[in-house]
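Encoded as structure tokens, the structure appears first; notes follow it.
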Amino acid sequence: MESRVLLRATANVVGIPKLRRPIGAIHRQFSTASSSSSSFSVKPIGGIGEGANLISGRQLRPILLLDSSAINGGEKREILKPVKAAAAEGGDTAGEAKVGFLAKYPWLVTGFFFFMWYFLNVIFNILNKKIYNYFPYPYFVSVIHLFVGVVYCLISWSVGLPKRAPIDSNLLKVLIPVAVCHAIGHVTSNVSFAAVAVSFTHTIKALEPFFNAAASQFIMGQSIPITLWLSLAPVVLGVAMASLTELSFNWLGFISAMISNISFTYRSIFSKKAMTDMDSTNVYAYISIIALFVCIPPAIIVEGPKLLNHGFADAIAKVGMTKFISDLFWVGMFYHLYNQLATNTLERVAPLTHAVGNVLKRVFVIGFSIVIFGNKISTQTGIGTGIAIAGVAMYSIIKAKIEEEKRQGKKA
């Protein structure tokens, strides 16, 4: 019945001044005809799933849309084309979303994040070591790292990129232990960087997974599989081999790197207890602010008198005021940006990719530092470093797979 009404309207559209019967009446007649027929069932055209549109909860049948001028008795009478055809003439089909290039190829974005993370990390380590060659004051330089990062965060908050997340006393109490461990680990890492070769410090810091496993087993009471412990054996062996023949070895650099490992291990423990709904960018900003206030007193006590007496004067005499200030500013920027990029990168990838990415980052830093500074290493040191890195890779891959299996088990 509905088809006959619409065909009649099409055939006589020129001679009819306006549509005599409302659309609702046509629908009612259609419903009556359908209900009275027992020989067959009629399926409404344009039902859900056949291209019908819903507007304000009502379904529009995409057979023919009449122009408003024809309905209102205007001079122009035209039966519009079906919805899909009309939309096609206008360009895109209805409801079709345009997919951007980056959204279509997300791996390019992730690859760019990895590249920038590695690049900024390598630049930071090289510039940091160059500063220590003429300004050996790691406590003060650590303060500069955090200070530049805090200023960057404050400026970012002021322009709303990102929007500052509110913080209360309870959240502050949770973040303080994390920030204190972050501050201690950061300062002791820089003490080690200033005392020994960058490659050797990173070799010692390859032991961090061993301390993490020990803390998880004996402090948090978590059961560590035997396979993880076995994968850590090459790490310990490799670090020991590298340390015995490292030409730049001294106890200050070695012990400082070990304290850094312990501090960052406790930072991980406190971080797990400090899970919040705040995004990682804001969390890192608040941790940097707290860590800055923790680092200032030791810098003043340990290095303050030396800096005032001759430290600043000697550095300016060697490289000039402009380069000295510029180096301190840029090393702080690279430190903050590489840490922020690391957080953003690792949020985009799976745990296994995360693990491999961390190992490759350490390989990049060690390799570039040896090339840039021309550090001479013995054959045993090179072999030991390679064994340690391979052990870290094994440990990281096994741990990532275990975490993934646990996650899938919880979902099931």
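Heads up, the Cβ atoms here are built off N, Cα and C, so glycines get one too.
In TrEMBL this protein carries:
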- 109-396: domain 'Sugar phosphate transporter' (DOMAIN)
- 107-127: transmembrane segment (TRANSMEM)
- 139-161: transmembrane segment (TRANSMEM)
- 226-245: transmembrane segment (TRANSMEM)
- 251-270: transmembrane segment (TRANSMEM)
- 282-301: transmembrane segment (TRANSMEM)
- 321-338: transmembrane segment (TRANSMEM)
- 359-377: transmembrane segment (TRANSMEM)
- 383-402: transmembrane segment (TRANSMEM)
Open item on the list: Check for me, if you would, whether the transmembrane segment (359-377) reaches the transmembrane segment (251-270) - at least 3 Cβ pairs under 8 Å, residues 6 or more apart in sequence.
Closed with: no
TODO: Residue list, the transmembrane segment (251-270) vs rest of chain: Cβ under 8 Å, 6 or more residues beyond ends.
DONE: 177-178, 181-182, 184-186, 188-189, 191-192, 195-196, 200-201, 204-205, 207-208, 211-212, 214-215, 219-220, 243
TODO: Report, as numbers and ranges, which residues of the same chain sit near the transmembrane segment (139-161): CB under 8 Å and 6 or more residues beyond its ends.
DONE: 128, 131-132, 183, 186-187, 190-191, 194, 285, 288-289, 291-292, 295-296, 298-299, 302-303, 307, 311, 328-329, 331-333, 335-336, 339
